[in-house]
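Per TrEMBL, these features apply:
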DOMAIN    90-296  domain 'Cytochrome c assembly protein'
DOMAIN    322-627  domain 'Cytochrome c-type biogenesis protein CcmF C-terminal'
TRANSMEM  6-30  transmembrane segment
TRANSMEM  42-63  transmembrane segment
TRANSMEM  95-112  transmembrane segment
TRANSMEM  124-142  transmembrane segment
TRANSMEM  176-196  transmembrane segment
TRANSMEM  208-230  transmembrane segment
TRANSMEM  250-267  transmembrane segment
TRANSMEM  274-294  transmembrane segment
TRANSMEM  314-334  transmembrane segment
TRANSMEM  390-410  transmembrane segment
TRANSMEM  422-441  transmembrane segment
TRANSMEM  607-627  transmembrane segment
Amino acid sequence: MIGEIAHFLSLSAVLLLSLLLIFNLSFFFAKIHPNQLILSMRLFNQACWLVFISFGMYVYLAISDDFSIAYIASHSNSQLPIFYKVTSIWSAHEGSMFLWIVFLTAWSILFINSLDKSHPLKKLTLLMLSVIILGFLLFLLLTSNPFERIMPFGALEGADINPVLQDPALAIHPPMLYLGYVGFVISFSFITAYLLNGDFELKWEQDIRNWSFVAWIFLTIGITLGSWWAYYELGWGGYWFWDPVENVALMPWLAATAFMHSLFAASKSNVLKTWTMFLGILIFALSLFGAFIVRSGIIDSVHSFANDPERGLYLLSFSGLITLLALTIFAYRLPALNSSKLVVTGSKESFLSMNNILMITSIFSIFLGVTYPLIIESISGEKVSIGPPYYNTIFAPLILIAAAFIMISVDALWQRSMPLKALLITIFAPTMLSLLSLYLIWQVTNIFSILAYIGIFSGSLILFSYLTRTINNFFNKKFINKGSAIAHIGLGLLFFAVSMNSILSYEKNLNLAPGQSISINDSVREFSFNDIRVFKASNHDVISAQVSLLQDGREIFLNPQKRKYATRGQITSESAIHASVLKDTYLTIGDQLENGTWTFSLKINYFIKWIWFSAALMVLGMLLTIFKKKAS
């Protein structure tokens, strides 16, 4: 009965949103009612609360093991802890789309109620948000109904959640991503409303700045958690594979990063407004494209949720329609948007413009890498794979150029060209220190990789630019923008760590029997396979290897495992990791061979923790920026 009530509430939300749109459409042909906005807001708020209550009841159904609900029966189990019963809701397509809509609704109701009732863009923004929420609710209920019952009788027991999803990081990863993706519905709807309104004297940037910053934070955390989980849980020792679904998460992040910088320039010096509007529309459009890729089944990926052409066609049609609507309005208003105020060459705005172009180039390169194999397969039937070499080759020069612009822009002025002498002073120290760093790394490692060295040099340019500027400002008692400095130091550290990881890390595949030892290199002088243990855990069988390593003069112990889950019969590999500041020792166990030996994969991953630390710095920098703006 609770399932039917929850279903009814979602249907009622569809009805209320439909009434809201019909009600407002009628006033295009009649005199505007003085209470039109008040009535519209009531309908909208009630629809949103119906969605929240419906989802809350669905959570209760999952916790109470209602296996008459087909989705819960397929993705949960009575033996699961309550935490994983809740997270099982977003472990597959129907439930995750429900969560997507809940977050979409939450962002919308919070933002629209934060606007003053006299705000000139409130009504149009409300209508845009209503259309988007209604479209996704219809998609959920018509093609992906999470309330569907198993008739005539429910299942006695659930099939259980996928074992690799029973992990705290992955439980948090999708909600963080969704909060980031759908958070940019604010900029999309508000900018579209601004373009529809046509009063281009309105100041709109401040209204959406912090909302966009918070959405960027969620998206960054979501991507970072996903890479961290893939590293320690999936057993392959990597953190980013340039998988199509990883790529469609990166595209909105790149667009959002460009948008935030452009938004700052638009509010600071009244330039780049056209760029800012285009990017604000593009972010959410790319989020919708990502939803289509993940949920249509047109690509093979470990991240794919569904394989249903009907769902894919609906998502493609709806996403394409609202994106086309926004871009058409943008194109129509473009002549009126072009400002007579030009960007001054050599100013801070000019370097932001150049980095915007680099961001768009990066996004297009990723988009091409995702769609080109699909186009070729649809035309010729031939499967084409585009992997890391393509992306690494494309991104290396783009990162170098971007780093150079960032280095110069540190001391650039708003709306004024930078004198040549000031330019040379700005670039001298970071460039020399970066070249020195490259030389020292080459001397110590005796390894040369052009792509990795470009990444190291690029990261060093950004790091030394902001470090020298921060130190100089501190001693001269000048203003230090802590948020910007920390975020950009995080970006430079990211480039540096990823590049160092690529040239220093290595892998060894071993075959040993219990009791055997082997020497690997000067760092890992002894690898000892001491014993193998087989035992039963609560819901799975375990094969655990007892391994000791004499590494860098210290003895460390690792226990990699293979697990077989009874419910699904699924076998997973659980890595054992010994972490230090500079490197991780990462060990997984494979299969037993006919001669009685076991296979192992030993990976030494350098600077791996620095990658996630750099993401944490970027998030910290953004948080400081938000709170600085609020305080001021």
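For all residues, glycine too, the Cβ spot is worked out from N, Cα and C.
Listed as Cβ neighbours of the transmembrane segment (95-112) (distance under 8 Å, sequence separation of 6 or more from its ends, same chain) are residues 41, 44-45, 48, 51-52, 55, 58, 71, 75, 88-89, 122, 125-126, 129, 132-133, 136-137, 139-140, 144, 146, 174-175, 178-179, 181-183, 185-186, 189-190, 211, 215, 291, 295, 305. Across the domain 'Cytochrome c-type biogenesis protein CcmF C-terminal' (322-627), the model assigns an average pLDDT of 93. With Cβ pairs under 8 Å as the measure, the transmembrane segment (208-230) is packed most heavily against 250-267, out of 6-30, 250-267, 274-294, 314-334, 422-441. Contacts between the transmembrane segment (124-142) and the transmembrane segment (6-30): present, as 3 or more C-beta pairs lie under 8 angstroms, all at sequence separation of six or more.
Within its own chain, the transmembrane segment (274-294) has Cβ neighbours under 8 Å at 100, 181-182, 184-185, 187-188, 190-192, 194-195, 205, 208, 212, 244-245, 248-249, 251-252, 255-256, 258-259, 262-263, 265-266, 301, 303-306, 312, 315-316, 318-319, 322-323, 326-327, 330, 334, 337-339, 353, 356, 363, 370, counting only residues six or more beyond its boundaries. Between the transmembrane segment (390-410) and the stretches 6-30, 42-63, 176-196, 314-334, 422-441, the greatest number of Cβ pairs separated by less than 8 Å involves 422-441.
For the transmembrane segment (42-63), the residues of the chain that approach it from at least six positions outside its boundaries are 2-3, 5-7, 9-10, 12-13, 16-17, 19-20, 23, 69, 72, 76, 82, 85-86, 88-89, 95, 98-99, 101-102, 105-106, 108-109, 112-113, 126, 129-130, 133, 137, 146-147, judged by C-beta separation under 8 angstroms.
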